[in-house]
Amino acid sequence: MAASPPFMAAAAFLTLVVVLFRAPAPAIAVGEEAAALLAFRRASVADDPDGALASWVLGAGGANSTAPCSWDGVSCAPPPDGRVAAVDLSGMSLAGELRLDALLALPALQRLNLRGNAFYGNLSHAAPSPPCALVEVDISSNALNGTLPPSFLAPCGVLRSVNLSRNGLAGGGFPFAPSLRSLDLSRNRLADAGLLNYSFAGCHGVGYLNLSANLFAGRLPELAACSAVTTLDVSWNHMSGGLPPGLVATAPANLTYLNIAGNNFTGDVSGYDFGGCANLTVLDWSYNGLSSTRLPPGLINCRRLETLEMSGNKLLSGALPTFLVGFSSLRRLALAGNEFTGAIPVELGQLCGRIVELDLSSNRLVGALPASFAKCKSLEVLDLGGNQLAGDFVASVVSTIASLRELRLSFNNITGVNPLPVLAAGCPLLEVIDLGSNELDGEIMPDLCSSLPSLRKLLLPNNYLNGTVPPSLGDCANLESIDLSFNLLVGKIPTEIIRLPKIVDLVMWANGLSGEIPDVLCSNGTTLETLVISYNNFTGSIPRSITKCVNLIWVSLSGNRLTGSVPGGFGKLQKLAILQLNKNLLSGHVPAELGSCNNLIWLDLNSNSFTGTIPPQLAGQAGLVPGGIVSGKQFAFLRNEAGNICPGAGVLFEFFGIRPERLAEFPAVHLCPSTRIYTGTTVYTFTNNGSMIFLDLSYNGLTGTIPGSLGNMMYLQVLNLGHNELNGTIPDAFQNLKSIGALDLSNNQLSGGIPPGLGGLNFLADFDVSNNNLTGPIPSSGQLTTFPPSRYDNNNGLCGIPLPPCGHNPPWGGRPRGSPDGKRKVIGASILVGVALSVLILLLLLVTLCKLRMNQKTEEVRTGYVESLPTSGTSSWKLSGVREPLSINVATFEKPLRKLTFAHLLEATNGFSAETLIGSGGFGEVYKAKLKDGSVVAIKKLIHFTGQGDREFTAEMETIGKIKHRNLVPLLGYCKIGDERLLVYEYMKHGSLDVVLHDKAKASVKLDWSARKKIAIGSARGLAFLHHSCIPHIIHRDMKSSNVLLDNNLDARVSDFGMARLMNALDTHLSVSTLAGTPGYVPPEYYQSFRCTTKGDVYSYGVVLLELLSGKKPIDPTEFGDNNLVGWVKQMVKENRSSEIFDPTLTDRKSGEAELYQYLKIACECLDDRPNRRPTMIQVMAMFKELQLDSDSDILDGFSINSSTIDESGEKSM
């Protein structure tokens, strides 16, 4: 049948298109191609440091030149075509704003490779004109940004490979040609969910798809469209939710590599279907939130696996499986960072024929390594650290694995003589030995290096090794890291070790080493980065050779007996980040050249004998510290809060391989009753050019004025200049220290007033100007009124909150500290007080003797009663040595309770039995007590109390007991008995908001929106009262829904105010989360400064408000994975999905939906990442007031705002 004319025309057109596509393009002049390449060079290459494009010159190669085919990096097709077919400029260090127009105009260009340069800019201009012959494009490892335009490479119909990895691309997308086989967009900043979904929907022919290390969020799409994929990598993104059921079961048959590590995937995978994994060789599901009571048995179908990684899920538990024995191809098995328990199965040793790496670290495994592991003849890396293994398996089993290169057994319970000799004899290839944090003793073998010539790392910290450091360690020519800290070593540091040519880390702190530090540092190379030999007994001076070590990052010589001055030349150490010379006997001047160290963020010179003035040049590096991680080493910071008892603001330790409980025994900790320990893995990360963050020059003999230039250090968090002889005024420029958390200027001779600008320092949580000659009012703004009076003591000219009001004459005339008249009056007053006290003491002695005689007969009866107290509850009692405990009175603040005793509390709680226990938290256990008169109270028994700080406890209780407000839970009384501390509170019928919202089974009432609104405003009112109306002002420090209690009328009562500060003074080793609050409520800035502020309370209140709006918990792995409520809400708002935030039970009334959005807006303002942009609690109340103006209800009932206080009766508060 003849075709119709239109069809014939169309067929002819298609034929013509095919012919044109297949026919060679008409040749273009060589000069035109050269001009295009030169145009690219002019537009894109601003810097060519190595002259890589020097050959790009017309006429190069002589008269018969084939330019540009003879140019470096340019390849042409063979004759007769002869056109440019490839441009490869990879790794040439070229820099400039990339413009691809000219290159994409080359019609025969098939391969473009610009990998590993410094090109920047975006690709919005990159739109090749058809026909496009490109087959491979690689622009990876540059600095591109912006979004991918839809037109990017769109006309390239034969494109097979695109690599844009390791840039800064943020989103966008481009249509895939059906010919595409490989796409690598890894290590960018891609967050576009559309691009993610499009990548999975358009990957029909793609075999290699790598989207790892981006910012993709949401759920993982199905793989159904990716029928040809062999490698899929979406690791290290922000994806969440459960895994798609068919991810493996219906995966393409060719899939060999699947990596979803480092996301927030959750859910139980114990029954997950692995039916489609027959050809998988690599499976990595590590570092998610997956759970199972065993390793998923479905994995038995994946018998071709060569790599299986399930580390870091933390919820995988149970015994290690034995079915892995059948995995004959397995070469790497990593199950670290989970909750696996029990012994290591003997059967696992049977799969060792080919296994190269085995990582079972950070679980809860017990016992020893089975003898069957001696068969692991290919094993090179064995990591069993962070378990509870014991026994002599190192000598009997590990030492027989001759192929071993890395052995990591730290943080176990291995005891006995250190096994280095048998390891050296049996494992000659060892490069890494890590036996830290065990209980090994004995000496370090002297001939280690002759047996282990390849040894790179010797890590033996936190053991009980003794003897001396053998000089023969200097024969380990490849040794890079030595860590012998926290042992019992004595003697000198051998010069041979100092001379090691490749040494990077030399860490030997907390031993008994002595002598002088050899002055041969970096004499055989400049590789040394870490020199931490603090807290030994070194004498002599700081070696001058230290200034040759130009790669030094961390230097800690503190806690020794070094003398002399700091040698010149430190200013040359441009990589130096941490310098600790504190607690020595150093003298001379503080080196001004330290301000030339552009990376210096931590300078601690406290407790020496430095004299002279503070050099203004120290601030010279402000704004010069480059962005990025300054130090990636593990650290511990011991924050000192003991004032004059322990000098300095705190101590930073290198903390690799040390148990926290061992550190707690360290003299710097247990001699300081108010020291806190914080740990981390990085010291600081700057997003912009930064400055020093820690500067401690306290306890020296510095004189002169404080340089105003220190105010330029905008990232400074700790500044301690206390206990010197400084004079002059506090610089006004200190108001620019926007990151400051601790500022100590105490015990100097400063005069003048406190600059009002210091009130604007939102992070300031520790401020001490006591013992100076300051005058004038304490600024009423910001944090300054929240500090106790002791921080302003002995400045007789200061006034205002928390001191007496200005205009109030002090008892001895208000003369400045040191005034002769003032001293005479003080002496006279002291004599009178002394006489009166003597008389009083005599009277008390007579009364006490009489009482002792009367009570002696009943003591045994009373003691027997105490010993018979029930012990069925969780409470424990420390009453040894307490006389007459039952008759101890409860100090009360309410008249009806004035005759309450400890015996009454025992009776009302049945000896604090489990039946009366109604709750427990970070500060203690709470019991319900019904007194004889029928009244009901709640009794909190404090935990973490060490018996120290009696005066602080009493003073704090007396302060808290006087605070009365209808939205605060009143403290009715307190009792001290032995080492125990009891607090008596008013009982709240409906319990905590946390239970009512999140535990439906225990909740006594259901909260509708009107009730939640009432609670939101009531708790805000209580918090605002603490911040603005109490004297001194109080920071809550642990605001959360479990500290919002509900009374009979469902009125909110904020509880535990003042408790965090009290426990801060009593407990010596609280965790970071206890100090700062509760996870999920902690403001982001706390992890920079470890300081609590009123704006931190505002953030925590914002979380409570989100709980009321959403009904969700702040942290819930089943809802948010590794994210939290705040992060989830911010993501919902960003994606215009705010309606999904609200509790479904609140959205029934459409008329009230607009109000929910208004309350959500207030919550988001409270949760701003920048503290200075959060409202105060007074401003929050004002916003609530504004919302109520058009409302029929009046749940704010009379609330009014004055200049600085809250008043609920219409009269200005004190």
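Quick reminder: no glycine exception, Cβ is built from N, Cα and C everywhere.
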Which stretch does Swiss-Prot mark as motif 'Cys pair 1', out of 69-76, 173-180, 677-684, 925-932? 69-76
Secondary structure of the repeat 'LRR 20' (599-621) by DSSP, residue by residue, totals 6 helix, 7 strand, 10 coil
Counting every protein chain shown, other Cβ atoms within 10 Å of the Cβ of ASP994 (ATP binding site) number 20
Secondary structure at SER1042 (ATP binding site), reduced by DSSP to three states: helix
Is it true that the repeat 'LRR 12' (377-400) and the repeat 'LRR 10' (328-353) have 3 or more CB pairs under 8 Å, sequence gap of 6 or more? yes
By Cβ distance under 8 Å, which residues at least 6 away from the ends of the repeat 'LRR 19' (573-597) in the same chain are close to it? 529, 534, 542, 547, 549-566, 603-612, 614-615, 617-621, 630-631, 647-648, 651-652, 683, 696-697, 702
Using other CB atoms within 10 angstroms as the count, which residue among the binding-site residues ILE918, MET988 scores least? ILE918
Between the repeat 'LRR 5' (204-226) and the repeat 'LRR 7' (252-276), are there three or more CB pairs that fall under 8 A, provided the residues in each pair are separated by 6 or more in sequence? yes
In the same chain, residues at least 6 away from the ends of the repeat 'LRR 20' (599-621) whose Cβ sits under 8 Å of its Cβ atoms read 553, 558, 574-593, 630, 647-649, 651-652, 683-684, 690-713, 715, 720-721, 726
If you count the other CB atoms within 10 A of the CB of SER1042 (ATP binding site), including all protein chains displayed, you should get 21
For each of GLY924, LYS940, MET1039, count the other CB atoms within 10 A of its CB; which of these binding-site residues has the top count? MET1039
Chain residues outside the repeat 'LRR 8' (277-302) and at least six past its termini with a C-beta under 8 angstroms from it: 235, 243, 248, 251, 253-271, 308-321, 323-324, 326-327, 329, 334-335, 337, 1117, 1121-1122
